[in-house]
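K.L.:
Let me begin by handing over the structure; questions about it come next.
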């Protein structure tokens with residue numbers, strides 16, 4: 001007699017459920033861009049989706065609170081539309097649910113501040129514009145532990161690390177010979193993992209751009225993706241030489257020798273790995289697929305254990321994953337997806353672990369990364385690395401009070417704190433430099449005020465032109481009406497004179513034909529004879 005041993009796992013019976021249609025979002029003009037992006041970003045407050053927009057790029061922001069009900073989105077819903085080209089990627093700030101970054105084909109990265117109640121009118125003014133890339137920006141990623149640190153990657157094969165708080169570039173990484181497919185920080189943000197069109201996977205120091213290790217990821221020529229797991233391992237998705245989709249698990253230091261590599265199918269859609277660090281579950285969502293596969297990563301062979309597949313009737317256009325602090329712990333929900341299809345329907349999918357007890361399940365909800373940064377941007381740039389600050393979900397998620405994002409231009413850039421090269425400048429040179437920098441700041445402020453005044457004057461001139469056009473239109477209309485009135489009065493007098501002439505002519509004819517003398521015309525012409 002043989003016995004089949006079943007692997008013990010608390011996530012072996014995870015199942016997915018679709019919410020009702022009236023609880024989802026419909027009538028969304030999802031972007032038709034061919035760029036390989038998820039087109040959706042979610043946090044506990046908002047759901048942002050890249051949409052089609054004429055005359056530039058835009059994305060829609062939908063509040064998720066109970067006051068704003070889901071359902072059919074009106075066609076004139078306000079958008080965030082300040083880009084001059086199609087938006088390619090969006091990402092919410094992990095420490096401020098009202099701040100979102102967007103990258104576009106106009107080569108600009110914009111950071112936006114969304115009001116708590118959502119959008120009332122279309123937003124076109126961003127908090128800060130980050131300009132450095134020479135070609136389209138296809139990827140934006142926030143740092144997992146440092147505040148206001150943002151990564152952007154473009155088709156110019158350059159990765160830029162930004163300090164959003166002062167609107168400046170901290171470092172640029174030029175280590176890729178071709179288009180960058182994906183970027184991911186590790187658990188404490190000290191390392192950067194990238195994949196490139198040259199089929200290489202690289203581990204890079206994000207501060208100075210030094211490449212620690214590189215290896216061939218997948219042999220196929222199509223796009224690959226790679227993410228860091230919580231334990232430091234690397235999970236990748238890609239294609240084989242025969243264009244079969246694969247996933248692999250690798251260890252840093254031996255990237256060229258995968259721990260395991262498995263072929264899935266022969267579909268041609270790029271697979272996006274969605275990772276939950278609290279449960280060690282990886283969800284594979286392929287672009288154009290109608291399924292979501294999920295796996296569990298464990299130290300036991302074969303290390304990547306297939307759990308199940310969630311089947312849907314229609315293919316997906318994009319997908320967004322809710323952070324763990326936004327799930328419903330009372331129903332044992334461990335993940336929530338916002339799935340987009342080609343018809344403009346945003347479907348909400350919940351992944352649940354079946355439990356009979358209604359109490360808080362501590363084994364399903366360990367402490368998860370919260371919305372408080374572990375280090376500031378300056379501390380991280382100076383070399384400090386810290387794990388994320390964790391929070392408990394036992395009493396539910398309570399958002400901390402956040403102030404609005406304000407960009408302050410510093411007197412000295414962080415890049416200027418590098419050790420000096422060459423001779424040390426004298427004290428007089430330092431004073432002169434300080435004076436010149438202060439003068440430059442004053443000139444910058446004055447020029448900014450002048451720009452604002454010039455902009456206001458242009459707006460007033462535009463308004464005056466509009467009023468002048470309205471006045472001219474009304475004046476022409478009044479003249480037309482006056483002409484019509486005069487014509488009507490002139491035609492009335494002519495008719496009266498013509499009628500009198502006809503009456504006189506008829507009276508003379510009667511006088512000639514009658515044998516009796518006619519009485520004179522006057523007021524008593526109708527009197528009786530005696």
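Placed from the backbone N, Cα and C atoms, the Cβ positions cover glycine too.
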K.L.:
Tell me which range among 401-442, 443-484 TrEMBL lists as coiled coil.
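P.N.:
So the range that TrEMBL calls coiled coil is 443-484.
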K.L.:
Give, as a single whole number between 0 and 100, the mean pLDDT over the repeat 'WD' (80-122).
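P.N.:
Here the mean pLDDT over the repeat 'WD' (80-122) amounts to 94.
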K.L.:
For the repeat 'WD' (80-122), what does DSSP give as the number of helix, strand and coil residues?
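P.N.:
Computed counts for the repeat 'WD' (80-122) are 0 helix, 22 strand, 21 coil.
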K.L.:
Using a Cβ cut-off under 8 Å, which residues of the same chain at least 6 positions beyond either end of the repeat 'WD' (80-122) come close to it?
P.N.:
31, 33, 35, 37, 41-46, 48, 50, 53, 56-63, 68, 128-131, 133-142, 144, 147, 150, 152, 154, 162, 164, 323, 369, 371-373, 399, 402, 404-405
K.L.:
How many helix, strand and coil residues does the domain 'DUF1899' (4-68) contain under DSSP?
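P.N.:
Computed counts for the domain 'DUF1899' (4-68) are 3 helix, 23 strand, 39 coil.
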